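The feature domain 'Formyl transferase N-terminal' is assigned by TrEMBL to 3-187. Annotation source TrEMBL lists N(1)-(5-phospho-beta-D-ribosyl)glycinamide binding site at GLY12, THR13, ASN14. Feature annotation from TrEMBL assigns (6R)-10-formyltetrahydrofolate binding site to ASN108. Feature annotation from TrEMBL assigns active site, proton donor to HIS110. The site 'Raises pKa of active site His' feature in TrEMBL is assigned to ASP151.
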Amino acid sequence: MTKIAVLVSGGGTNLQALIDAQQAGKIENGQISLVVSSNPKAYALERAAKAAIPSEVLRRRDFSDAEEYGKALTALLENADIGLIVLAGFMTVLPDSFCRHFENRIINVHPSLIPSFCGEGFYGLRVHEAALAKGVKVTGATVHFVSEVVDGGAIIAQKAVEVEDGDTPETLQKRVMQNAEWILLPQAVSDFCAGRLRVDGAIVHKN
Ligand code: GAR
């Protein structure tokens, strides 16, 4: 059984999708064992409490730099014997040393079709604002392994979502979450825990 830690900063709807999938028996060979929030006010913490999942708060500002933050997070995750780390709306950039330490064991969900609208500065609603400003007709979500390059790790799964006339960043965000993120993320987590994902350089194969 792979122990899963979910890292959050906000509302935690992706965490909820994982909890729901777990309760429906859809996370094969995995168990959400810990939720870590960078924000003590994150609603995600209440979702964890309701599901009786232990949680910790680790605020970036309590550490002198990203490196120290990464060390504390590493210790927390190692002590809990975590085998898979899921970034589910986690808004703190992690240091390279952390990404290397957990290579191919960190999964992130991003609300666009990478390599569009990703990288430094593209997070949350900003991604959808940029997609609407560009006038793309299709966007979507991507689940990928985390490397030292922001949003640059090997892609596990993607799903397209249509942009509709009159969309606002908020309506588009909601459609991308419902129709892509909340489906892709639990599936990828289950595939990882069941040992179905094989990383071959930049390419992920699913057995
Ligand atoms: C989600 O849309 C997620 O894809 C995005 O933040 C939102 C978090 O929502 N993540 C990023 O932009 C990371 N670059 P949630 O807290 O309700 O899951």
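We count from 1, first residue shown onward.
The backbone N, Cα and C atoms fix where each Cβ goes, and this holds for glycine too.
Nobody curates TrEMBL annotations by hand; they come from automatic prediction.
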- For GLY12 (N(1)-(5-phospho-beta-D-ribosyl)glycinamide binding site), which DSSP three-state class applies? coil
- Counting only residues outside GLY12, THR13, ASN14 in the same chain, those with C-beta within 8 angstroms of the N(1)-(5-phospho-beta-D-ribosyl)glycinamide site's C-beta centroid are VAL8, GLY10, GLY11, LEU15, GLN16, ALA17, ALA44, ARG47, ALA88, GLY89, MET177, TRP182
- Whole-number Å distance between the CA of ASN14 (N(1)-(5-phospho-beta-D-ribosyl)glycinamide binding site) and the CA of HIS110 (active site, proton donor)? 11
- Query: Here are the binding-site residues: THR13, ASN14. Which has the lowest count of other Cβ atoms within 10 Å?
  - Reply: THR13
- Under a criterion of Cβ-Cβ distance under 8 Å and sequence separation of at least 6, what residues of the same chain contact GLY12 (N(1)-(5-phospho-beta-D-ribosyl)glycinamide binding site)? ALA42, TYR43, ALA44, LEU45, ARG47, ALA48, ALA88, GLY89
- Task: Under 8 Å Cβ to Cβ from the residue listed as 'active site, proton donor', same chain, six or more residues apart: give me those in sequence order, or none if nothing qualifies.
- Result: CYS118, PHE122, VAL127, ALA141, THR142, VAL143, HIS144, ASP151
- What is the separation, in Å, between the Cα atoms of the residue listed as '(6R)-10-formyltetrahydrofolate binding site' and THR13 (N(1)-(5-phospho-beta-D-ribosyl)glycinamide binding site)? 14
- What is the pLDDT of the domain 'Formyl transferase N-terminal' (3-187) when averaged and given as a whole number? 97
- What does DSSP assign the residue listed as '(6R)-10-formyltetrahydrofolate binding site', in three states? strand
